[in-house]
Structures are given as structure tokens and as C-alpha cells.
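Q: The following block contains the structure, expressed as C-alpha cells.
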Amino acid sequence: MPSTGTTVAQLGERGLLTRVLANIPASRDAELGAGDDAAVLHAPDGRVVITVDTMNEGPDFRRDWSSGEDLGRKAIASNLADIAAMGARPTGLVIALALPGSLPDAWVEDFARGLSCALDECAPGVGIVGGDLATAERIQISVTAFGDLERRAPVVRSGARSGDVIALAGDAGRSAAGLALLAAYANDEPLEQLRESCGPGGTALLAAQLRPVAPIAAGPAAARASASAMMDVSDGLLLDAHRMAEASNVTMRFERALLEPFAERLARELSESPGLPDDPLELVLRGGEDHALLATFPVDVVLPEAFTRIGEVLPPEPSRLLLDDEGREPIGWDPFSN
Ligand SMILES: Nc1ncnc2c1ncn2[C@@H]1O[C@H](COP(=O)(O)OP(=O)(O)OP(=O)(O)O)[C@@H](O)[C@H]1O
Ligand SMILES: Cc1ncc(C[n+]2csc(CCOP(=O)(O)O)c2C)c(N)n1
Ligand SMILES: [Mg+2]
């Protein structure tokens, strides 16, 4: 993207809207898209699934690590994962952006490209139906996403039953491994150099952190296959599974042998980045931001293609979380204590 050297302040709200609106896809489900006071979205099921999530420069991302395109992609993955986690099909999004006046306009075009590419790749036909522009000292990105249940019941966190299989669609620990690489090296090395020194495996982990890809289609697939409970894993497998276990009043037991392939993949990808981190299985258990789908299914169900079995649901025990027979604490990401 050739930079014209123009800033957001020079472009102004109108100019910015023209730039942004020119580059974002429309939604197949929009009767009226962006451009008026509000949008009109179809709700074929009659019920609407709604979620909102905010990313703030500083606590949630750094501009020297994430490009505009990275953040556009991450905003789509993290928000559509919440819609998918209800078993719903995404129908549209609205995006509120607060930008510093000094931000180059190329950043905004880059961001819009990230939105479009991620939508094309993981939810074709879903688009941005509106948004809001404001100014702030640091970038804030707030996304509201909508979804349709297609006449199914929502797949809630409280539906896990003793005897169910626990399954995962998507990555575990790879995004956190990418963040660990950034934290360990990126202050001394430019990102390009870091990509070279950590090899293709490390580069893939950086991408998992900066541009996570969520298995959006797996959400409705799980619902069609009678998933009993589901959520996206944003704060870490143990912490999010603990939320599901509490809501369902069950114990979730993960099998070490079934998680080992995730840890082995991580170990391979980290092999050219010595000194990092100590135990890949701990990253699999505690790492957040992969936006994988954690679901439970009755034991006789054939798991949808995207899902891998990782454990089983037990009746409530003193420990809500077990790794084989060892009790585990719900340790993961908490935005207020990190
Ligand atoms: N400010 C708020 N007002 C009302 N409800 C809230 C507020 N913040 C969070 N919640 C609700 O609390 C629940 C848990 O929120 P949390 O952010 O942990 O989960 P989530 O929405 O799945 O997040 P993630 O984006 O990390 O997947 C959600 O149902 C959310 O709507
Ligand atoms: C610069 C920088 N600092 C920290 C992190 C880690 N981080 C941010 S949000 C989040 C979990 C999901 O958040 P939420 O629950 O709000 O959706 C995590 C693990 C990062 N990626 N970049
Ligand atoms: Mg969630």
C-alpha cells in the first residue's frame, strides 16, 4: 500500500469514511448497509445473537507489533468466534474506531483490508454494516457482531453433561507462544529480523498471535451435530473450561495424551527460538487468544470434522478441572491483572 503521507486529521471524518467504506465488504444479510443513520439487517430466525469486544492500544496490542491489517484480521476472528461459539451463523458487524489524528491514513486502509481479507477467508458473505469514528490518544477498536441461529437452540456454556466428550476446533497455545516470542525478542529486534531468526515455525506462531484464524464454520457445524455446550477460548483453555464447568456444574477432565499433539506441534514450531518457553503443554493449557471453539458433545455423536477429542465431562468433583487425575487451577488471561 503506497503511503501518501496523509494523516487521519488531514483526511477528516468524511475523507476517512470514503476511504474506509470504499474498502469494506457489504453484508449479504443487510437490507440497508453502512451510510445511513443505522443499518437494517435481516434476522431470518427472528432472534438475534449479539456480542461486543474492544481492543485497546497498549493493554491489548502494540502498534510496533501489529499492523493495521493484523488488527483488522484479529478483530474479525475474535468477534466472529463469539458468534460461532453460540452455534450461530454470523450476519454482520458494526465497528467503532477511535483514532489519533496523527495516524497515517494508510493505517486505516490497511485495517480495512484486514477486515475484508479475514471476512473473505472465514465468513464469506458477511460484511460491515456500519460503525462510528471518533478521535482518541490511542487506537481503540470496538466491534459488535450479529448472528443468526438458523432455528436451532443457542449452544450455551451451561449445557455440558457428565459423560459428554470434550472437543476442540482450532489452535491451542500457538497465539500465546507468538506473544511470548514478541515479548522476549521484539524490543531488541525489528519484527522482520525476529521472523528470520525464529524460522518458519516461529513465524507461524507470530502470525497465530497477530492474525489468529478462528474456525467460524465449525460453530454452526457443532450445533448441527448436537453440541451440548460451547464457547470460544479467548483467555486460555483452563480458565475458559473452568467457566464452562462452573456454568454446567460438572468437572472437565482433559487427557494429557490427547493434548500432547498440540504441545508437540508447539515444541516443533518453537525449536528455532531457544530459551522459550519452558513447557509447551502449559502454553496449550493456559495460552489465550487462539479463539478455538471448546465444545462438549454426547458420547455417541460423530464429531464434526474440525473437532478433536481432548477429554471428557465428569460429575462435579472438588476440582472443576482435571488433567488426567491431577486437579488444575483455572489460570489464564485476566485483563485487569496482567
Ligand atoms: N460491561 C458489561 N455489561 C454487561 N455484560 C457484560 C459486560 N462485560 C461482560 N459482560 C458479559 O459477561 C460475560 C462474560 O464476558 P467475557 O468478556 O468474559 O466473555 P466473552 O464475551 O466470551 O469474551 P471473549 O471476547 O474474550 O470471548 C458475557 O456474557 C458478556 O456479555
Ligand atoms: C501488547 C499485548 N499485550 C497483551 C496481549 C495479550 N492479550 C490481550 S487480550 C487477551 C485475551 C483476550 O482478551 P478479551 O478477554 O478482552 O477478549 C490477551 C491474552 C497481547 N495480545 N498484546
Ligand atoms: Mg467468548
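Every residue gets a Cβ built from N, Cα and C, even glycine.
Pulled from TrEMBL, these are the listed features:
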DOMAIN    35-147  domain 'PurM-like N-terminal'
BINDING   ASP37, THR51, ASP82  Mg(2+) 4 binding site
BINDING   ASP37, ASP82, ASP232  Mg(2+) 3 binding site
BINDING   ASP53, ASP132  Mg(2+) 1 binding site
BINDING   ASP53, ASP82  Mg(2+) 2 binding site
BINDING   ASP60, GLU289, TRP333  substrate binding site
BINDING   GLY131, ASP132, ARG157, SER234  ATP binding site
DOMAIN    161-267  domain 'PurM-like C-terminal'
BINDING   ASP235  Mg(2+) 5 binding site
Q: Check the DSSP secondary structure of ARG157 (ATP binding site), expressed as helix, strand or coil.
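A: DSSP assigns ARG157 (ATP binding site) to helix.
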Q: Using the alpha carbons only, what distance in Å do you get between ASP37 (Mg(2+) 4 binding site) and GLY131 (ATP binding site) once rounded?
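A: Computed Cα spacing between ASP37 (Mg(2+) 4 binding site) and GLY131 (ATP binding site) is 10 Å.
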Q: Filtering ASP60, ASP132, ASP235, GLU289 (binding-site residues) by proximity to ligand 3: which pass a Cβ cutoff of under 6 Å to any of its atoms?
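A: Checking each Cβ against ligand 3, none of them comes under 6 Å.
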Q: Which numbers of helix, strand and coil residues does DSSP report for the domain 'PurM-like N-terminal' (35-147)?
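A: So the domain 'PurM-like N-terminal' (35-147) is made up of 35 helix, 41 strand, 37 coil.
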Q: If I take the alpha carbons of ASP82 (Mg(2+) 4 binding site) and ASP132 (Mg(2+) 1 binding site), what is the distance between them in whole Å?
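A: Spelling it out, the Cα of ASP82 (Mg(2+) 4 binding site) and the Cα of ASP132 (Mg(2+) 1 binding site) are 21 Å apart.
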Q: Under 6 Å from ligand 1 by Cβ, which binding-site residues from ASP37, ASP53, ASP82, GLY131, ASP232, SER234?
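A: Passing the 6 Å Cβ check against ligand 1: ASP53, ASP82, ASP232, SER234.
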Q: For the recorded substrate site, enumerate neighbouring residues of the same chain (Cβ within 8 Å of the Cβ centroid of ASP60, GLU289, TRP333, site residues themselves excluded), in sequence order.
A: LEU179, SER234, ASP235, GLY288, PRO335
Q: Near the Cβ of ASP37 (Mg(2+) 4 binding site), how many other Cβ atoms are there if near means within 10 Å?
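A: Counting Cβ neighbours of ASP37 (Mg(2+) 4 binding site) within 10 Å gives 6.
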Q: So what pLDDT does the domain 'PurM-like C-terminal' (161-267) average out to?
A: 96
